[in-house]
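Asker: Here's the feature list from TrEMBL:
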type	residues	note
ACT_SITE	CYS78	active site, nucleophile
ACT_SITE	HIS169	active site, charge relay system
ACT_SITE	GLU171	active site, charge relay system
BINDING	GLY46, GLU47, SER48, ARG105, ILE133, ARG134	L-glutamine binding site
Amino acid sequence: MKVGVLALQGAVAEHIRLLEAAGAEGVVIKKIEQLSDIDGIVIPGGESTTIGKLMRRYGFIDALRDFSGQGKPLFGTCAGLIVLAKEIEGQEEAHLGLMDIKVARNAFGRQRESFETDLAIKGIDEHVRAVFIRAPLIEEVRDGVEVLAVYNDEIVAARQGHLLAASFHPELTDDHRMHAYFIDMIHQTK
Ligand code: GLN
């Protein structure tokens with residue numbers, strides 16, 4: 001099983017490390033031609049405006065919509081979640097616009113810019129250590145979206161079929177269970 005990590009900006013090596021710990025082959029994706037070679041892709045954290053701009057420049061918007069249209073799974077973390085969303089609070093345009101969620105960027109306020117907590121995630125047995133860095137939250141989920149995790153009454157992880165999204169950074173710990181969950185999703189869709 002080969003899982004790509006979109007490498008335009010953001011935390012790439014950390015995702016590769018945990019995908020490999022969870023038993024997949026991690027592939028650094030820099031060109032759209034590489035997409036035909038992988039079974040799923042992670043869109044990492046970073047800065048969503050920058051990632052979106054680079055995606056447009058290198059043809060990733062259409063290529064990843066096509067990838068998704070083939071039923072291949074995508075996992076967006078933090079900025080990657082924003083990139084997946086159909087609606088971004090206060091912005092006219094979405095990026096990939098694939099997932100039926102509305103997100104708010106930098107939603108945890110100043111004092112809580114960065115923090116860690118133990119989160120209960122549906123489908124994973126024990127709590128997962130979650131690192132939030134200027135994180136977005138999911139303000140609304142629409143039909144077909146399953147809420148996987150909530151923090152202080154706010155939705156911080158969700159799934160819609162072959163799409164997975166988390167507000168936090170599962171790649172910044174040594175815990176690979178979120179990546180294992182994504183790899184299971186890929187197995188289910190194959
Ligand atoms: N605040 C960033 C954004 O809006 C996301 C932060 C992150 O990925 N850690 O794009």
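Just so you know, glycine gets a Cβ as well, placed from its N, Cα and C.
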Asker: With the Cβ atom as the reference point and anything under 6 Å counting, tell me which of the recorded positions (GLY46, SER48, GLU171) are near ligand 1.
Answerer: GLY46, SER48
Asker: Max Cα distance spanning GLY46, GLU47, SER48, ARG105, ILE133, ARG134 (L-glutamine binders), Å?
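Answerer: Across GLY46, GLU47, SER48, ARG105, ILE133, ARG134, the two farthest Cα atoms sit 13 Å apart.
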Asker: When the Cα-Cα distance from GLY46 (L-glutamine binding site) is computed for each of the active-site residues CYS78, HIS169, GLU171, which gives the smallest value?
Answerer: CYS78
Asker: Nearest to HIS169 (active site, charge relay system) in three-dimensional space, by Cα, is which of the recorded positions GLU47, CYS78, ARG134?
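Answerer: Comparing Cα positions, the candidate nearest HIS169 (active site, charge relay system) turns out to be CYS78.
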Asker: Using CB atoms and a 10 A radius, I'd like the single residue among the recorded positions GLU47, GLU171 with the highest neighbour count.
Answerer: GLU171
Asker: Enter the number of other CB atoms within 10 angstroms of the CB of ILE133 (L-glutamine binding site).
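Answerer: Cβ-Cβ neighbours of ILE133 (L-glutamine binding site) within 10 Å number 17.
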Asker: Which of the three DSSP-derived classes (helix, strand, coil) applies to ILE133 (L-glutamine binding site)?
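Answerer: Where ILE133 (L-glutamine binding site) sits, the three-state DSSP reduction gives strand.
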